[in-house]
Amino acid sequence: MSDLVITRPDDWHLHLRDGDALATTVPATARLFSRAIVMPNLVPPVTHTAQAEAYRHRILSHVPAGAAFDPLMTLYLTNNTSPEEIVAARQSGIVYGCKLYPAGATTNSDAGVTDVANVFSVLEKMSDMGMPLLIHGEVVQADVDIFDREKRFIDETLTPLTERFPNLKIVLEHITTRDAVEFVNQAGSNVGATITAHHLLYNRNHMLVGGIRPHFYCLPILKRSEHQLALRDAAASGSDRFFLGTDSAPHPKEKKEAACGCAGCFTAPSALELYAEAFDELGALDKLEGFASLHGPTFYGLPINSGKVRLSKQEWTMPASMALGDSSIVPFRAGETIRWKAELL
């Protein structure tokens, strides 16, 4: 198959950053995606509904003329988040989830939750109100190997959490392991997961063999090929428990190409095309529309988009760099061939 038309997709996990960066990040996503769940890990983090509303307005001010893009906002859970804030967020009509970052797990997560028990009253309110909990599922103890942190989180935190709150809607974000796939498959229908394009296409060998590739470095980190294969099987299975979430996470070039570089891959400029590449490799292009356009809205209880996108097997070259405020950014697969081309119909 060299040409297909799918329902316009959504991105259920996206970092847009703030300030001048929005001039680059917002158009990159609004090019093809109708909606996106916007991560709240700014500095300072988006912890209150009023902050989410202000951030949403800043994002909308950078949507290109004629484009239709709806940012779906989230709140950053802290030890001090109150059940009352959850009520306000739900009633706002613009907040669609709350993000649980174990403190120190990833970029700008220092204000995160230090012990999930600290937010049990908040999770109870979220469960009652149907507000999804979005989880970065890694433990943060220094003595736990970085490649084992997702499995340990599932065993030590997520499993007891789902037992305590059996009706809480949970998205285990950017899953990277066979363990996560098995957990989601065995959990109730209130548990789903997002999968990134880079975790479908690559494993840790691609990042480390023959030289360190800093633009492949992300958190959760790329894993062994056996875990990559499990993710590919899950995405191509047609299960509505798995859906598209790019985790596109931009950082300036100097913060990636450094002695201690930041985690995150800026995949937004070619995100849908990269997913098409992965599904094409799997012989599962017929499953792409469900994964990219149908499963996410169904999980969140939102309408399916009415627009369409055409994907054609047409090669093009990703630019070597792009402007990012006063700096520049190296997009994922910079200077390399992208095998599919997408356009909004």
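The backbone N, Cα and C atoms fix where each Cβ goes, and this holds for glycine too.
From a predicted model like this one, the values you see are computed outputs, not experimental measurements.
Among the candidates H136, H206, the residue that Swiss-Prot annotates alongside K99, H174 as binding Zn(2+) 2 is H136. Listed by Swiss-Prot as binding Zn(2+) 1 are H13, H15, K99; the candidate from D233, D240, D247 that the record includes in that site is D247.
Cross-referencing A54, A230, A236, A263 against the substrate binding annotation in Swiss-Prot, which names H15, L16, R17, N41, H136, L219, H251, picks out A263. DSSP assigns H13 (Zn(2+) 1 binding site) to a strand. Distance between Cα atoms for H251 (substrate binding site) and H174 (Zn(2+) 2 binding site): 18 Å, as a whole number.
In the three-state DSSP reading, K99 (Zn(2+) 1 binding site) counts as strand. Comparing H15 (Zn(2+) 1 binding site) with D247 (active site), their Cα atoms are 6 Å apart once rounded.
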